[in-house]
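Annotated in TrEMBL:
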| type | residues | note |
| --- | --- | --- |
| DOMAIN | 17-185 | domain 'CobW/HypB/UreG nucleotide-binding' |
| BINDING | 20, 21, 22, 23, 24, 25, 26, 27 | GTP binding site |
| REGION | 213-259 | region 'Disordered' |
| COMPBIAS | 227-259 | compositional bias 'Basic and acidic residues' |
Ligand SMILES: Nc1nc2c(ncn2[C@@H]2O[C@H](COP(=O)(O)OP(=O)(O)O)[C@@H](O)[C@H]2O)c(=O)[nH]1
Ligand SMILES: [Mg+2]
């Protein structure tokens, strides 16, 4: 009788979400991770943009990863739906990447950011990073929200800009840590090698923890109600509080038009 086979590679890659407001540096952080880690672990990237594949194009142009390992999902009006309620297009993109380039160790998924409320469903990612930046103001970390409070890692980015925007980084990091009950927080600047090392060490550690089954995905919690404008300028407010057992492009049940 054949010996039972002990798997040496995991069944699938570690899926790591990167969320946070527009412009805080999610695409830059992903480019940084690819640049630092692609020689030692097998990686892929999935980006989410509302109408374009601009983030994927930026990453491809940066030359940090083989072009075909960077895939784009166009989310339509609500970027949250694609990472929270109906994750199917993202799951298909991740699985296609693994099929074409696997076995992969790590797939990074960038959310289409817009405000402080976006969090990934654990159905899509095993862990998530929430990205703030000092330019958004020193008090942002105190404002809380599910991503700030309960993402697996909070990054306070662009610390090199702190003197120009008059933010006390140490205080912002202390506030962030308090908002997270001591959960991990990294102050990051791509110009500061020590902070880049702290980020890559966290990712290495998590990749190993997921591979060895030592990590349990946690849902940071539902988003607060928020609004979107469609192409005709109509604005609707909705929330993602209710879990849906069926997939659809946009949950309509709790939407209210804003005039
Ligand atoms: N000074 C500084 N700028 C940064 C840093 N990281 C990102 N940026 C800049 O912040 C802007 C927004 O970055 P991007 O990655 O596109 O943000 P995203 O919208 O969250 O994906 C870009 O102009 C980046 O060059 C950093 O560590 N320091
Ligand atoms: Mg981006």
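Each residue, glycine too, has its Cβ placed from N, Cα and C.
The structure, with features from TrEMBL marked on it.
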residue : record           : Cβ neighbours (10 Å)
20      : GTP binding site : 29
21      : GTP binding site : 20
22      : GTP binding site : 10
23      : GTP binding site : 15
24      : GTP binding site : 24
25      : GTP binding site : 23
26      : GTP binding site : 27
27      : GTP binding site : 22
When the Cβ positions of the binding-site residues 20, 21, 22, 23, 24, 25 are compared with the atoms of ligand 2, which fall under 6 Å? none
How does the model score the domain 'CobW/HypB/UreG nucleotide-binding' (17-185) in terms of mean pLDDT? 93
